[in-house]
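*Asks:* There's a structure below that I have some questions on.
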Protein chains: 2
Amino acid sequence: MSLPDDSRYLRGGPVAQRIIAAVREDAAIATAEGFPPKLVSITVGDTAAVEVYVRNQRAKAALAGIEFEERRFPADITAGELEAAIHGLNADPRVTGIIIQRPVPAHIPIKTLQAAVHPLKDVEGMHPASIGNIVYNQLDLAPCTAAASVELLKETGLDLKGLEVVIVGHSEIVGKPIAFLLMSEGATVTVCHHMTRSVAAHARRADALFVAVGRPRLIKADMVKPGAAVIDIGINSEIGPDGESRIVGDVDTDSVKEVASWITPVPGGVGPLTVAILLRNTMVALSRQRALYQATYGVVDKLAAE
Amino acid sequence: MSLPDDSRYLRGGPVAQRIIAAVREDAAIATAEGFPPKLVSITVGDTAAVEVYVRNQRAKAALAGIEFEERRFPADITAGELEAAIHGLNADPRVTGIIIQRPVPAHIPIKTLQAAVHPLKDVEGMHPASIGNIVYNQLDLAPCTAAASVELLKETGLDLKGLEVVIVGHSEIVGKPIAFLLMSEGATVTVCHHMTRSVAAHARRADALFVAVGRPRLIKADMVKPGAAVIDIGINSEIGPDGESRIVGDVDTDSVKEVASWITPVPGGVGPLTVAILLRNTMVALSRQRALYQATYGVVDKLAAE
């Protein structure tokens, strides 16, 4: 499906291309300097559900000049064995970043795995320390979907300082990180969710509205302030009038588009940008690892130079 | 100065006493079981400014049956030497928690020190991983002032689910952690700050208003919704009409008291509660350390029992 040419649409594709081109330059320099970036993807059990995601990550990594290695583990592996494998990757200086593909089998606690990834190799931005660093205003490595959503808001050129932002959805990896990222940029942020008395009342006063709740077409035109920027993070599958399955967001795009000044299409909005952010995070992780290497072993170079 | 007897006041003292009594029971049990809780306080350089705080912590720890050891370091110590000392305390199984008294000399980066404390011994809740854990809804170990402020709101008996909360001030250790704590409890949270277009407009719609900006009497009666709960976290020194120095909060208590249903006095509100939270955090840290010990060495007990 091609999107109608409408300047109100905030499309992720062109932004992703720009970011990947910049990552490609950085990766080439780092590789020439002896620090080639490398991602390791971990899949557990039946990997059919994630295969399309992994293939996309592999293709985009190749575009960016980042090595991509996939490790598959059987469904009956224990959490302890997986943690040991992650600790091995943490200790391997050739590995820049570790991605844990979700879902994992029910007997594996996903948070334990995410916390087992060393924060310096946490390219998905899921480790508690990564989340905490955002709160502490270190904004360059955030959960990919949250960072992609904020990146699209920045595409509008709106001044984030003092901007009235409302986020519908308070999940740990989307809604809350968007909130901290934008608080740190100077926005006034409100986070709504299923317990909020009137989501509409909050949504209507937002200059920028983020929606990430997984409810198709929850946000209608009468819930949006005229001229607002609407970032739709929902990905819902529904059966269209033609009987075919299709993907729709949490926003009723067709009607909201008539009210909002900017809106992300679904698909084609936040989605295409998340992998680009993952690759950018990889370069951030690499530069932090190099800084630590320098701080730890720099004195050796100095001695050698004497 | 004794406070007038007015049921609108949310006083920290009685809540602190209750918490310390509960900690005292827990600490006695843990001590009998061979895990006596112990706090180590680190002061660097001229400690006169913090002496009153340290003395208070020591006295309250004694009340709770928690050992308290003070370590003083000279002003010219390097950050590396301090980090090494902290790593020593991290490795010492007799030490439950580490407190870094602020301020430290200008050449010591405070965040590096806070990040050097092992998250399991981070009783102040300042490590990035501690902050991240709050975002991940693990709410039992939070920065002390933020947790004390939320504790006083809970004293009102208000249902936090769907409560409209406005926080004025977005500092990393007060405003933001209060926001995550209350989001996790189901409140609808807005965070305002110096870049917010109209703090008054937000404040006026709050069922619960938290203020932590360090500006004396910033919040007047016309900025408060009738019946609201107002939690004043400011501590400002000013010269009173009698020419004497006195402590006032960020809220104009006398006028706001006529509008609000609950208000924390300053002094006597949040302040007295923070040390009680520190002691409660110590017991949370101890129980996490014991759980790790059990997970790591539990198998040895089983072998011994065979």
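We count from 1, first residue shown onward.
Placed from the backbone N, Cα and C atoms, the Cβ positions cover glycine too.
So TrEMBL has the following annotated:
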BINDING   A:Gly169, A:His170, A:Ser171, A:Ile235  NADP(+) binding site
DOMAIN    A:10-124  domain 'Tetrahydrofolate dehydrogenase/cyclohydrolase catalytic'
DOMAIN    A:143-289  domain 'Tetrahydrofolate dehydrogenase/cyclohydrolase NAD(P)-binding'
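Show me how these features fit into the shown structure, please.
*Replies:* Other Cβ atoms within 10 Å of the Cβ of A:Ser171 (NADP(+) binding site) number 18 in total over all chains.
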*Asks:* When each of the binding-site residues A:Gly169, A:His170, A:Ser171, A:Ile235 is checked against chain B, which show a C-beta distance below 8 angstroms?
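*Replies:* So the ones by chain B are A:His170.
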*Asks:* Please report the three-state DSSP label of A:Ile235 (NADP(+) binding site).
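*Replies:* In the DSSP reduction, A:Ile235 (NADP(+) binding site) maps to coil.
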*Asks:* Across all the protein chains here, work out how many other Cβ atoms are within 10 Å of the Cβ of A:Gly169 (NADP(+) binding site).
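*Replies:* Here the count is 23.
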*Asks:* Using DSSP reduced to three states, classify A:His170 (NADP(+) binding site) as helix, strand or coil.
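*Replies:* Looking at the DSSP assignment, A:His170 (NADP(+) binding site) belongs to neither helix nor strand, so coil.
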*Asks:* When you tally the Cβ atoms that lie within 10 Å of each candidate's Cβ, which of the binding-site residues (A:His170, A:Ile235) has the highest tally?
*Replies:* A:His170
*Asks:* Mind computing the max CA-CA distance among A:Gly169, A:His170, A:Ser171, A:Ile235, which the record assigns to NADP(+) binding, rounded to whole Å?
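*Replies:* Output for NADP(+) binders A:Gly169, A:His170, A:Ser171, A:Ile235: max Cα distance 16 Å.
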